[in-house]
Amino acid sequence: MANGNQQFSFQHPQSYYYLWHLAALGVIDATFGPLTPGGEVDYSSPTINGTVWDAITEAFPAATAPATVALIDVGVSRSHPNLKSRLDAVKSIDLVSHPCGAKYVAAPAASPYDPEVKAAFFTGISTAGLGTLNLTGPETAYLGSLIAELSASEGVLHTLIEGDETFGSHGTAVAGLVVGEPAVTVAPNPTIALTDVLIADDGSAAPNPNRNMLPYFGVDPLSRLISIRTGFEQQPDQFIAAFLYAFANGADVILLPRGIPDPVRSVLNAKSELSQDLDDRANWERADLFARLEEATPPASEIRPHAVGKTGNREIAWNTLAKLIVAISRKVPVVCAAGNDGESQLIYPANLAAANNGIVAVGAVTPHGYRSGYSNYGAKLTLVAPSDDFEIYNRHQLRVDRTDPMVEQHYYHPGKGKVIPYSHFSLLTTDLPGTFGYAGGSDPYSAILPPLDNQGIGGGYYTTFGGTSGAAALVAGVAALTARAHKARHGAGARLDGMASKANLIAACDQNASVKPGSTPLTQDPMNADNEPAKGKTYFFGAGLLDAGKAVAAILAP
């Protein structure tokens, strides 16, 4: 298609295997070739040669102990058929609707309007087993006071509609990538199909709850997940409570696919690139612009509606949280999303990742072998995992979705920048059933407030997903696989600590790997400066693309 003096050949998105990301991670051993006569690969129908799940079972057939992943996010649907048996509903907790925790129980049929019941969820909570936290005197006093308050506190047992079922779309998508399991079991005979209606024991007919279900698999469908629901207030107490709760309840992996709103640590540093070399003649116009902006800046800062007081006590609390996360990570791996800002710096607390802790900062890559357009990168990045992509059009690169019908309406020229291929692959995962999910669903069941046993007629159970949240979820799933393999080899009570888990994951990475079904090795791209690729692959990909098969094999090896 023509656009002025620019030619476009409109492309259609290529079909792909719905669990391609598991193949890219090495969870599934899949063969995608050979090339078709037209020069394209049929990515949607690979040959499955084996799985990491089989490798663990074959090595230790009698081992059944699951690993436990604590997900600190916005909640997870408890009614989703692909998550029901994987979610630990007893241990899952809501720290948004009540500061001391809330859990959900079914309302008694005889008295559904009884007032909520108080219950204690933090009894005996402590930092025992964490070693030295390196707290100052005031920080020690603050944490001791908070722990004493939590230990003596009472939360509530709710019988209301769960907040997880209305606000938990992000957490539900993340949970599916980690521990989603098949909800449909069909006999090998291909002529057998699921019926639309089931007949109950009492002879009554009911919609088949498995309609519209996929045989979906997360990275480790045999592990369990504890949902710890948190909000976005700049309150460190709820995050301290969340991490302490995860540690106290035996998490083998802690997943944080979001940032924490620390008023200091969560602020990205201003880039100096635009204000460099303003004395050069070629940059005089830019220098004039900066001068005008400085003149236009009012003497008083604009009021920030969500600002919090920068008191010494508040700073003590945030400092304590940062030190607590680091201490816990040495005992339990803490997998964090690197952030979706396209910056050469990571969000908090991924930016705490260091060689002396168990924080795993995860970036995202595409099957084209490039960093996902939005993915943060930089010196503290630990490793990368597959995810979706994002269009970029700046002076350093041109990354455009050429399947967009509107692409012919605009003139795109890379100038001195580099042309980077845009990836149409995204992560298929579980969605919050009903109208509050990403996909929405339709009448008559999915477009209304879903009950605890949503029938799923009309869809809304699955969505495409991505971001460094999705990549971090996949890595947490691999960490769960290795923890489960460790239990299989050493006993159900064995724990793979955070430092050992992180070291194992890093050793299983490859900076020159290709992201299946693609064949191009990981390649740096200029995002915020033309010469950025010269900083090397570690700057963009950390240790590289994670290989789950290699990570698990190292644990299973005698």
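If you go along the chain as it appears here, the first residue is 1 and each next one adds 1.
Cβ atoms are placed via backbone N, Cα and C, with glycine included.
Remember, predicted model here, so these are calculated numbers, not experimental data.
Sequence annotations record features per position, and here TrEMBL assigns domain 'Peptidase S8/S53' to 68-487.
What TrEMBL lists as active site, charge relay system is Asp73 (among others). Non-local neighbourhood of Asp73 (active site, charge relay system): Gly168, His170, Gly171, Val174, Ser227, Ile228, Arg229, Thr230, Leu255, Leu256, Pro257, Arg258, each in the same chain, at least six residues away, with C-beta under 8 Å from its C-beta.
Here TrEMBL flags His170 (among others) as active site, charge relay system.
For Ser469 (among others), the entry in TrEMBL reads active site, charge relay system. Counting every protein chain shown, 26 other Cβ atoms lie within 10 Å of the Cβ of Ser469 (active site, charge relay system).
According to its DSSP assignment, His170 (active site, charge relay system) is helical. Regional average pLDDT for the domain 'Peptidase S8/S53' (68-487) in the model is 85.
All protein chains shown were included, and the count of other CB atoms within 10 Å of the CB of His170 (active site, charge relay system) stands at 19.
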